[in-house]
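Quick notes on the structure that follows.
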Amino acid sequence: LTGVLDDCLCDIESIDDFNTFKIFPKIQKLQERDYFRYYKVNLKRPCPFWADDGHCSIKDCHVEPCPESKIPVGIKAGSSNKYSKAANNSKELEDCEQANKLGAVNSTLSNQSKEAFIDWARYDDSQDHFCELDDERSPDAQYVDLLLNPERYTGYKGPSAWRVWNSIYEENCFKPRSVYRPLNPLAPSRGGDDGESFYTWLEGLCLEKRVFYKLISGLHASINLHLCANYLLEETWGKPRWGPNVKEFTRRFDPAETKGEGPRRLKNLYFLYLIELRALSKVAPYFERAVVDLYTGNGHEDAESKALLLDIFRDTKSFHMHFDEKSMFAGDKKGAKSLKEEFRLHFKNISRIMDCVGCDKCRLWGKLQTQGLGTALKILFSEKEIQSLPENSPSKGFQLTRQEIVALVNAFGRLSTSIKELQNFKVLLQKTR
């Protein structure tokens, strides 16, 4: 995979180098910080589009919450003893952490974390543009430690998974039903259509609608890459071994296996990376203000987290081949406004489809990455508001909640990881030839 990407003046090799040497090591560190590792999510929201066809029956897809009797009293009581070692090291907490198996969502939290979330909530001022956000006050919303619940292959597949992706592509990507998009080779075939008629049609679309399709395709490619790179290779004596699965990668991306479609998907991954990279460079002024604090209650850690985030922003600004979002929605004002609203509503619909994913771990990461992209789009379309923010008072025209900030950083972290994993697969493929 080489050369210049469509719809922008950037080449793949430049992104590979920039990501490997500048972004990837720093974004990995940032994701380990307390502020960014906990994400509040409601995994019990019903699917709004079709009758629930049952959750993934594989045991490892399920959430494994701690039984009420196992939760330390200090957590249930909201003890003010934030830094209690006894509470953090209790046997009950260790039992709960055993729930961290193949797709189980581990929802155990220390007293310190529970207390911090109450404080963090006071810093949030909700405002939603592109995503259907979970109601954080819902009793079903829970904090999840993303480090204890890595995105990886859970075995969730088949009709339920295909229905979700099919709904996203067929009903939300600005396309008539008569035009078939090329399908993943793992899906049922639609005869001899090799997808070229689809791409002829796609190239005839306006830039905005082309971009929309590429963003969704890039997100799909990125998720598939994560599953191939973190695959259950074997489980002996109850000890799973995870790692890259070259055969699975080939099935999903090799030109011969995908009727030439695989490389297009990977190019869309790079395109999505550029869009989110651009959003990070644009939102920097919001975080550079002294009034914005990545607040967890630990002053020293908060200062380090903000310094690392600002360092990443400096790197994003130094990249010299950004996507130019000004080329979007640039026609007559009335038509541009109407198209932008259509774009926003289509994306919002996709964020709602994530509540139809049957595997809890897949739902968690699907919701997070969709919200991260939605936040990036919100940033790109709010440039004037960001530039006119007051230096020493809370924002009025533009605001990000903690949830949006966590989703933005982790979603971009996932794309950075995807591009890094792609380099690993290139090496592994050369070894097998």
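For all residues, glycine too, the Cβ spot is worked out from N, Cα and C.
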Could you tell me which of Cys356, Cys359 is bonded to Cys362 by a disulfide, according to TrEMBL?
Cys359
If you measure C-alpha to C-alpha, which of Arg152, Trp165, Ser217, His220 (binding-site residues) come within 10 angstroms of Cys359 (active site, nucleophile)?
none
For Arg152 (FAD binding site) and Cys362 (active site), what Cα-Cα distance in Å is obtained after rounding to a whole number?
8
Could you state, as a whole number of Å, the largest distance between Cα atoms of any two of Arg152, Thr154, Trp165, Ser217, His220, Arg252, the listed FAD binders?
21
Can you count the other CB atoms that lie within 10 A of the CB of Thr154 (FAD binding site)?
21
